[in-house]
């Protein structure tokens with residue numbers, strides 16, 4: 001297992017470096033002088049020259065990348081052009097809020113996805129299966145931002161049961177575990193969870209059917225083993241694949257949260273990113289992307305290790 | 001076996017695709033979805049003739065008109081423009097912005113993937129590690145970030161989406177090519193002393209093209225959602241152009257007045273994305289050769 | 001049948017062996033240090049117009065050996081000499097014209113034909129690659145189909161899916177012949193076929209060899225098939241040849257304990273031919289870590305201390321009969337030395 005871990009790390013490290021390189025280049029593909037994107041519009045010529053030196057922008061690109069990476073490793077991600085606060089402080093708040101949303105929707109997606117997939121797989125080719133399959137097919141084609149709007153229409157506009165916007169009452173900008181904040185969490189969590197749930201259910205159904213078709217399950221059946229024990233065997237064989245897909249979906253879910261958070265004005269990383277783009281606040285854009293993309297790399301690695309732990313055959317491949 | 005032996009002799013390539021078409025036609029859901037797509041694509045192409053009204057003609061009295069209002073059968077938008085006409089015209093922009101990037105990515109990603117798969121070794125390593133980097137991001141996030149850095153505009157949006165779809169398509173092309181290359185008929189072709197370009201053309205490409213095309217088609221459903229998502233964030237098409245994502249975004253302010261009209265552009269996005277999913281699934285099933 | 005490609009010239013004359021393989025080696029690196037010794041010092045030669053049968057258990061490196069000889073898989077060491085000229089050596093490329101001389105017929109008739117090409121297209125591809133015009137290549141392909149017993153009017157335009165296993169194998173043979181090779185490497189060409197079809201394809205191969213003046217290397221695990229087609233037989237064990245002799249000799253007087261065990265594991269129809277020999281014990285050892293000395297010693301009923309320390313050379317025990325076993329080496333120190341031979 002340790003050997004496998006080291007091998008995976010050796011594989012992931014260059015990817016992580018590549019990911020940071022792309023994030024670094026984001027500012028350089030932006031039209032115009034990168035310095036004008038970092039400084040406020042009314043900056044004086046001396047300020048521009050000084051910033052250019054300070055950021056190392058007078059040096060060749062590879063050196064700039066090195067300097068940027070070194071600063072980023074120490075948590076120095078620059079200053080927001082619009083708010084004047086450091087990118088790191090803007091991010092720390094947003095990351096926490098997105099984390100809450102991700103945990104809530106991740107739980108929803110996992111629990112309902114696995115349950116739906118299991119039901120469909122066990123009821124193969126019966127009504128329950130066809131209905132679930134159609135629902136999950138629809139689920140993978142849903143635009144999340146539209147789902148978010150529909151949820152607002154049904155549960156906040158037509159029936160004013162839940163709040164349509166924000167993370168909490170009034171001007172609350174951080175999540176707290178109380179009833180008012182929980183109400184604000186429900187709609188964004190459902191909107192974010194729906195698509196991953198559908199994908200998880202689809203995968204789960206396929207792997208349950210595959211597991212049921214395996215000879216050893218038939219043998220267990222022939223041996224007259226209790227259904228509960230058979231179910232356990234099916235689950236054990238279906239879980240590694242489902243786990244892998246779940247991990248990937250968590251990544252996609254956070255990708256989709258850019259749009260969902262925008263609809264609900266949920267002050268997380270996605271909302272921060274969208275606002276940074278809208279206001280052309282490139283330091284914030286770069287910092288947010290760096291944090292999010294490195295998080296995906298780590299997430300993928302974690303899923304990989306978890307999967308190899310659940311299914312030792314993968315380690316040898 | 002006796003049935004296959006009795007099969008009449010027929011032309012090579014056409015026979016295969018005719019068989020795929022036949023097996024596709026046997027799937028009612030896939031056929032229905034294909035019909036829906038056909039209607040959407042045809043109406044997008046012929047929007048100028050089909051749309052009942054001018055999509056840019058505003059009307060103060062019919063702002064956010066309800067569904068069923070005469071002259072605004074699917075309601076009016078926040079400026080009183082005809083929703084039905086704007087949806088038809090919007091399809092043209094939305095579909096173009098979704099399909100063009102996948103098509104361009106198919107050319108680039110297909111080339112890189114086949115190259116990596118056929119060459120193997122260090123070339124494969126170099127190409128696929130770069131693809132892995134792009135693959136590490138969730139597609140929508142990468143599209144938003146690149147489009148965000150490039151700035152708003154339809155072309156920038158399409159460039160961003162193209163970059164997003166190159167990596168997954170290259171991955172599929174690489175894995176299919178690696179499989180095809182391992183077949184003995186490719187070994188036999190190499191043994192004949194044929195130049196690599198000829199082996200690629202005659203033995204590799206025609207066996208790789210099918211699965212890669214189907215995968216690219218399935219990516220169009222992701223692309224439709226992502227392209228409209230960019231416009232929804234204000235990164236793709238700019239007003240007053242009709243585009244589903246942009247319309248959805250503009251109508252958000254109208255949620256409390258006429259929510260169901262506001263939901264319409266999203267329904268169009270969903271319908272197309274789902275139809276593409278079902279059709280590509282149907283083609284994939286029809287292509288599975290039963291041995 | 002008028003072939004659009006010229007015949008390759010016979011340079012060395014009848015006495016020159018058609019194919020000689022010297023010290024061919026191919027190790028597959030797994031990860032870091034572990035190495036599979038698929039082919040580990042292979043030597044054999046084939047006389048013109050004859051068939052060499054290579055036999056051995058599955059996993060002994062037979063198929064890898066065929067790909068090495070064909071030059072389609074790079075060998076780590078060794079050389080392949082064709083009619084007195086080096087056909088392939090490490091680091092060298094084979095030119096397209098020389099390449100024609102050695103062609104292969106594969107075991108899996110399914111993956112060996114492009115599913116998107118008709119029988120005639122598959123056969124015509126090789127000649128077209130050598131500059132034959134499509135029309136001429138097509139006529140040639142039809143003539144070849146006729147030659148392998150498939151009437152072209154019925155079979156030329158069929159995709160592989162519409163052919164039976166035996167028919168596909170005939171197309172494979174025709175495709176290999178289209179380049180007018182001098183050597184045909186047949187890698188288990190009939191082992192996937194029904195017994196009745198197998199006999200037809202074998203008869204076809206025997207007839208074609210005589211007609212077209214070909215030399216065969218026939219790889220198989222099936223002794224009765226090898227006995228039917230081969231003039232000379234080489235027995236492979238874990239990537240090495242352990243015994244080589246004319247077919248009549250090796251089937252009458254097998255000398256290596258492995259050969260004897262291999263022949264014994266297949267009961268002869270003729271009770272007089274049954275050989276008393278201990279059956280092979282267990283599975284072949286892991287090629288990643290082969291036994292020291294003689295590789296067969298872990299399964300050999302005659303193994304002694306000597307067998308673990310020294311590798312027996314492939315020595316001549318009788319004219320044209322070579323064996324790698326300490327028991328056949330006089331005064332080797334093995335208690336049975338000189339007795340078995």
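Backbone N, Cα and C define each Cβ position, glycine as well.
Automated prediction, rather than curation, is the source of TrEMBL annotations.
Features as listed in TrEMBL:
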TRANSMEM  A:9-30  transmembrane segment
DOMAIN    A:95-307  domain 'ABC transmembrane type-1'
TRANSMEM  A:99-122  transmembrane segment
TRANSMEM  A:134-157  transmembrane segment
TRANSMEM  A:182-201  transmembrane segment
TRANSMEM  A:258-278  transmembrane segment
TRANSMEM  A:284-306  transmembrane segment
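Proximity of the transmembrane segment (A:134-157) to the transmembrane segment (A:9-30) is not established, fewer than 3 Cβ-Cβ distances being under 8 Å for residue pairs spaced 6 or more apart. Pairs of Cβ atoms less than 8 Å apart link the transmembrane segment (A:9-30) most often to A:284-306, out of A:99-122, A:182-201, A:284-306.
Tertiary proximity for the transmembrane segment (A:284-306) is limited to same-chain residues at least six positions away from its ends with a CB under 8 Å from its CB atoms, namely 4-5, 8-9, 12, 15-16, 19-20, 22-24, 26-27, 72, 77-78, 80-82, 87-88, 90-91, 94-95, 243-244, 246-248, 250-251, 254, 269, 272-273, 275-277. Note on the transmembrane segment (A:99-122): residues 128-129, 132-133, 135-136, 175, 185, 188-194, 196-209, 212, 235, 238, 242, 246, 249-250, 253-254, 257, 261, 266, 268 of its chain, located 6 or more positions outside it, place their CB under 8 angstroms from a CB of the stretch.
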